[in-house]
Amino acid sequence: MRVKDPTKALPEKAKRSKRPTVPHDEDSSDDIAVGLTCQHVSHAISVNHVKRAIAENLWSVCSECLKERRFYDGQLVLTSDIWLCLKCGFQGCGKNSESQHSLKHFKSSRTEPHCIIINLSTWIIWCYECDEKLSTHCNKKVLAQIVDFLQKHASKTQTSAFSRIMKLCEEKCETDEIQKGGKCRNLSVRGITNLGNTCFFNAVMQNLAQTYTLTDLMNEIKESSTKLKIFPSSDSQLDPLVVELSRPGPLTSALFLFLHSMKETEKGPLSPKVLFNQLCQKAPRFKDFQQQDSQELLHYLLDAVRTEETKRIQASILKAFNNPTTKTADDETRKKVKAYGKEGVKMNFIDRIFIGELTSTVMCEECANISTVKDPFIDISLPIIEERVSKPLLWGRMNKYRSLRETDHDRYSGNVTIENIHQPRAAKKHSSSKDKSQLIHDRKCIRKLSSGETVTYQKNENLEMNGDSLMFASLMNSESRLNESPTDDSEKEASHSESNVDADSEPSESESASKQTGLFRSSSGSGVQPDGPLYPLSAGKLLYTKETDSGDKEMAEAISELRLSSTVTGDQDFDRENQPLNISNNLCFLEGKHLRSYSPQNAFQTLSQSYITTSKECSIQSCLYQFTSMELLMGNNKLLCENCTKNKQKYQEETSFAEKKVEGVYTNARKQLLISAVPAVLILHLKRFHQAGLSLRKVNRHVDFPLMLDLAPFCSATCKNASVGDKVLYGLYGIVEHSGSMREGHYTAYVKVRTPSRKLSEHNTKKKNVPGLKAADNESAGQWVHVSDTYLQVVPESRALSAQAYLLFYERVL
């Protein structure tokens, strides 16, 4: 008798239906990497029927919605969540839409199943019968073949489909405009081809393409031999210097070409291959075409462009002085180079558009001395407050802080929070040793603040420079050393900078040598991104370093470091030379002045009255209110007050003959973050991705964001480009939305096509106040367009405001 092989005993159907059990994340629907083997694939897919259907119909448009021709606010309403039936080629809106035409199509009575559909934006395959997502790797080849065909067809037919959709919009628009006596405007929006999981890049670039101030300023520097006039500070008593700039760097040139090409909307979707390849040379982490984080991409891009521009300005200043060296330059030349360089590096277009400033104010409760730290930011990361029921605190813990909060309630207005009291136990338990050491380091930095210090922003010690940068730094160092004492050197060498790379993440190629830090980090927030390494940043984290009163040293700080950070790597045109630099080699982007004249009553004053939140409110204003609320530094977070320590030491010396050194005096303190310089373009980042213990999760709660945002309640009274009592208004013009889960999602953009603000453009390009800027432009409302890679759709304003925003782009209008 023949015995069967036990490995072949199971029927083939049972083998296919078996799939691994993987725990689901609470916010993720795509944790199963291997996918599902579906038994309906054989009967629910017809390649010939699909090819015939898509040739006869519009691409990525719900045919039923198109038949209904529904208009809202004069615009054709068409959803971007389109699913295609792989049996007959029917295209319908998804189950999350109002009409649910795709689901209705499946439920219609038929002899053959129409249960397998594919999303034409994210390319997710779904089976209604199995109620599961399918994978092309675990099913028959026909599934992979039809997906490949549809993706190729999408890149070819996107332009014609959009033009036919726009004709329907224009027909309706022309009818309405004839009745109103107006004209219909052409939309200056162009789709961007997806190179392979590059939706995170496309969404950001759509918003930058609608940043009109960026294109205006780039037009000034696009050509070689461009003249730049540098005005030194009045203290230097030097005449303005006109320098001739060389050609822009390769990434800057690629960015200019890309933004210029985005205006040519009649040519169809644009391939960003040239710009993306240039960025990958600077940041190799993007080479693998994996899903990345849009905020991180934005930081890398602006950081790299700014580095090229500052090097360009630096080289032009050295050329104006016949390229001096440390041996040939005299003291007078060094002083001039520093004076012109200090103002010259600030004239790059990235700083003029995107950079703002945060001021952290710390006040000792005992001696009432105040210290400030000024920190530049490229965006502000705002935590999203979730609706969770908090556990009741023990009476002992309640009473511990009640007296202080009650006694100080009448003295200081505004929301007061106690730092590091309600941290989840899970987060404490699973935090890495590096996170703990970083937290200890940050606390020590905060405690080292005192009233007698001026503190400024310090950056990475390992800086990459080319030949001109090294020569520039050498000139600065040789001059600074003449005025530095050995004590100053020892203090500066004791300063350490922060690394944003988590211990669990693996740095890529050239990034492993020097990790990311630099100016263009978020002003707060966990930089946790989906499908990428984790970059946890604590709220309001600042870097501190002591600054002496030497004017030469301050100038050296302003010019020495023209290489922002080591994130920009892989550039073969520059020498890779990383040196540990002391404080005189670090860039002081904005002049940080210690506020000695502040009284305790005025230390935390804002431009206007504090914003009043409502119950259960979740909006940009409430997030900003939470971000700028006052904190109490107490318990383990007490401030090491050097002024109190100094007074105690003095008292001991007067009352005792012993010369024993007094231990540091720790006191309760108040701390608050406020905006002290507002940028022309404000970028807000909503922290939707979090690490809870060992798991990752996404916060899907909707955050309300206004079309017009008043930033005055969150600005300090000493805000550099605003006055007390004035409004600081910003208009919304761009949104980056993330849909999906932590492990698999899709980035899209909402952009507002509008008339450029003439007053704002003149104000930003000329760097001076323009008469009439006090009054907001009386502009037209503009038109919102939803862009998903190459797919474009005109949407009503209400649709844009209902988006699950991840990044928000605001431009200043008042």
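Just so you know, glycine gets a Cβ as well, placed from its N, Cα and C.
The active site, nucleophile annotation in Swiss-Prot covers CYS199 and rests on sequence analysis. Among the features that Swiss-Prot reports, active site, proton acceptor is placed at HIS746, with the record citing sequence analysis. The Zn(2+) 1 binding site annotation in Swiss-Prot covers CYS38, HIS40, CYS127, CYS130 and rests on sequence analysis. Residues or ranges marked as Zn(2+) 2 binding site by Swiss-Prot: CYS62, CYS65, CYS93, HIS101. If you look up Swiss-Prot, you'll see CYS85, CYS88, HIS105, HIS114 marked as Zn(2+) 3 binding site. Annotated compositional bias 'Polar residues' per Swiss-Prot: 515-527, in sequence order. As annotated by Swiss-Prot, phosphoserine applies to SER28, SER29, SER508, SER526, with the evidence given as similarity to another entry. What Swiss-Prot lists as region 'Disordered' is 1-28, 418-443, 479-533. Marked as region 'Interaction with ERCC1' by Swiss-Prot: 1-62.
Structure with Swiss-Prot features highlighted.
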{"residue": "CYS85", "record": "Zn(2+) 3 binding site", "contacts (Cβ under 8 Å, 6+ apart)": "GLN91, GLY92, SER102, HIS105, PHE106, HIS114, ILE116, ILE117"}
{"residue": "CYS88", "record": "Zn(2+) 3 binding site", "contacts (Cβ under 8 Å, 6+ apart)": "SER46, HIS49, VAL50, ALA53, HIS114"}
{"residue": "HIS101", "record": "Zn(2+) 2 binding site", "contacts (Cβ under 8 Å, 6+ apart)": "CYS62, SER63, GLU64, CYS65, GLY92, CYS93"}
{"residue": "HIS746", "record": "active site, proton acceptor", "contacts (Cβ under 8 Å, 6+ apart)": "SER121, THR122, CYS199, HIS738, SER739, GLY740, SER788"}
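Per-residue confidence over the region 'Interaction with ERCC1' (1-62) averages 61 (mean pLDDT, predicted model). The DSSP secondary structure for HIS101 (Zn(2+) 2 binding site) is helix. Ranking the binding-site residues HIS40, HIS105, HIS114 by other CB atoms within 10 A of the CB puts HIS40 at the bottom.
Its Cβ placed at the centre, CYS62 (Zn(2+) 2 binding site) has 24 other Cβ atoms within 10 Å.
Most other Cβ atoms within 10 A: among the binding-site residues CYS65, CYS93, CYS130, that distinction falls to CYS93. Mapped onto three states, the DSSP output places the residue listed as 'active site, nucleophile' in helix. Candidate recorded positions: CYS38, CYS127, CYS199. Fewest other C-beta atoms within 10 angstroms, CYS127.
In the three-state DSSP scheme, CYS62 (Zn(2+) 2 binding site) falls into the coil class.
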